[in-house]
Amino acid sequence: MHLHLAYPAVLAALLFCVGVYGVLARRNAILVLMSVELMLNAVNLNLVAFDVWLRDSLHAGQALTLFTIAIAAAEIGIGLAIVLAVYRNRGSSAVDELRDTAESAAEEPDPAQEPRQAKPSQKAEATA
Amino acid sequence: MSPAAATAATAAATAESHGFLSPTGVEIAFLLVGLVTLGAAVITVTTRQLVHAALWLVVALGGLAVEYLLLTAEFIAWVQVLIYVGSVVVLLLFGLMLTKAPIGRSPDADSRNRPVALAVALLAAAALVWVVVDAFRTTVIDLDGAAQGSTDVTGSILFRHWVLPFEALSVLLLAALIGAIVLSRKKAAEDTTASPATDPHEDAPTPEGDR
């Protein structure tokens, strides 16, 4: 019984690109976290496939996959805590409304959530 | 996909005994489950209903667990089911609920740079698939013999060769736990009556924090 290495490799590449699209296109921070999970899973599939192909005696790929899964669980916990803190302070979890450190403040004047006193300093930085 | 298909065809011509045109049962199963996984992932990143995205993520992650089983990595498959499907998706659903995600269709689920994201993703997919197929079109994984990822093997190598990273990872998990508690606890000035320091359930983000 055999399996071409191209199948898991191509599936992992496509899943990673789906995750890239989700990270770039989604607006809700929790959906961005879901896309990050998809990217991490694509990397895990690559690690497992190459570990099985190479028949590594240390099974480094599988050990690294377990570590990646644990780190992803920690990452999702911290990420959700940050998203909840942002939501509590701003009343929104949309990533493109968090524009306090944006370079150009003239692009889109945003309602109520943004601190107004940040604008003169930003203008000063932009002209300097 | 046309250069990928072309290179796959040439690979089928060059591979002497195992071609892409005579797939084995494992390859057919891998392909079908892979199509389901990829479709679920695409729906996850494109649907406008936020809760449905989390539920389609369950399908994608479960499909990946089946792929791990087909690659004879049993232990990782069950860890995937336990941690991802069991806890990460539940955490994501909790996050959606606590941020008051709208039930039903939300028209602003995608940001304005969606065409740019689509272009970047398609370019990256074309480049990666081309390179990967070109590199590995004649490489074959031999799945005969003992399973390489059974619990016996994985436990043995994990506690024989990878003990120090394993313990360091437990320290990292502890740090992440403490960090999540610190981030999600309320300020002491906000409620002096509730005495949040003695609340045993404060690691779970409470819905009172959203008010």
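In case you wondered, yes, glycine gets a Cβ from its N, Cα and C as well.
According to TrEMBL, the feature transmembrane segment maps to A:6-24 (among others). Only residues 6 or more beyond the boundaries of the transmembrane segment (A:6-24), in the same chain, are considered here, and those with a CB under 8 A from a CB of the stretch are 31-32, 34-39, 41-43, 45-46, 48-49.
Residues or ranges marked as transmembrane segment in TrEMBL: A:31-54 (among others).
Here TrEMBL flags A:66-87 (among others) as transmembrane segment. Within its own chain, the transmembrane segment (A:66-87) is flanked in space by residues 29-30, 33, 36-37, 40, 43-44, 47, 93, 98, which lie at least six positions past its ends and keep a Cβ under 8 Å from the stretch.
According to TrEMBL, the region 'Disordered' annotation covers A:98-128.
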- Item | Beyond the flanks of the transmembrane segment (A:31-54) by 6 or more, those residues with Cβ under 8 Å of it | 5, 8-9, 11-13, 15-16, 18-23, 60-62, 64-65, 68-69, 72, 75-76, 79-80, 83, 95
